[in-house]
């Protein structure tokens, strides 16, 4: 009975982690869309810096309360992570500005095969035929419901290339660092959030001015817009934490594949709250295909041989202490 109970407990925690991530991610997208579209706060990079500043405050409070234990992350590893993460944020913003919405969506979809390639090369992961086909079905479904006009130019392609690879590397690195240094999601956030907040708050206003020709300090702040900014920062704490939890418990590929459920929910929520003409038969068909692909992926990857690490063991810098809390302590050779 013990193994069954342990499996049930893991399944419950896995589901809770996904729900937490989906709810916070969809929530922050809806709030940010209202903030930018309705109240004209178009400073996306600076807003992301504020998100990480708020997350840093959360980690400091938890550390003072004793919920986050001291941990070590080499500066070289932190620097690589910050470079990947910040290039991801900046690359996505620039890609959206320089490319059509259709090509931007195609670039986002390409993160899945890139993440798969990283797992194959670095983690020696092997996928079954069904797992590969299910990923392809998800890509087709999300593509059908999100990709419309497609046009690209040289600088837009370069921006999308940088955004895709840096995002995939950043998400892979979350999983890698948690395993190698036995870091919980809170510990990893405690190391990375302050550095990201500092760099983005320095670079953000200049980048936003370049992208929008508007200065963040000249924005007409009022009670409602400040309330939305505060709400966005508050939800971002959960979004940042849940991303680390999900990638730590699963992998970057699983996070990307099942994460497209958020894309579908955003489309549905956008239909109800913003654009009632945006949901048509074409979009609904794409959603159905994507959901079927996600269900197939979950079933295929969980079967023996569906997604396995062959003859690979990642060394850790220290032994996990008995009873120590870690979000990735369930990781085994099968992922």
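Each residue, glycine too, has its Cβ placed from N, Cα and C.
Positions annotated as domain 'Sugar phosphate transporter' by TrEMBL: 23-297. The region 'Disordered' annotation in TrEMBL covers 303-335. Under the heading transmembrane segment, TrEMBL lists 12-31, 43-66, 78-96, 133-150, 156-174, 186-207, 219-238, 250-273, 279-300.
Long-range contacts of the transmembrane segment (186-207) within the same chain: residues 43, 45-50, 52-53, 55-56, 59, 62-63, 67-69, 71, 73, 78, 81-82, 85-86, 89-90, 93, 174, 177-178, 215-217, 240-241, 244, 248, each at least 6 residues beyond the stretch ends and with a Cβ under 8 Å from a Cβ of the stretch. Of the two recorded stretches, the transmembrane segment (219-238) lies close to the transmembrane segment (43-66), with three or more CB pairs under 8 Å once pairs fewer than 6 apart in sequence are set aside. Taking Cβ pairs closer than 8 Å, the transmembrane segment (156-174) reaches residues 80-81, 83-85, 87-88, 91-92, 94-95, 98-99, 103-104, 107-108, 110-111, 114-115, 118-119, 122, 188, 243-244, 247-248, 252, 255-256 in its own chain, all 6 or more past its ends. Beyond its flanks by at least six residues, the transmembrane segment (279-300) meets 128, 130-131, 133-146, 254, 257-258, 260-261, 263-264, 267-268, 271, 306-307 of its own chain at Cβ-Cβ distances under 8 Å.
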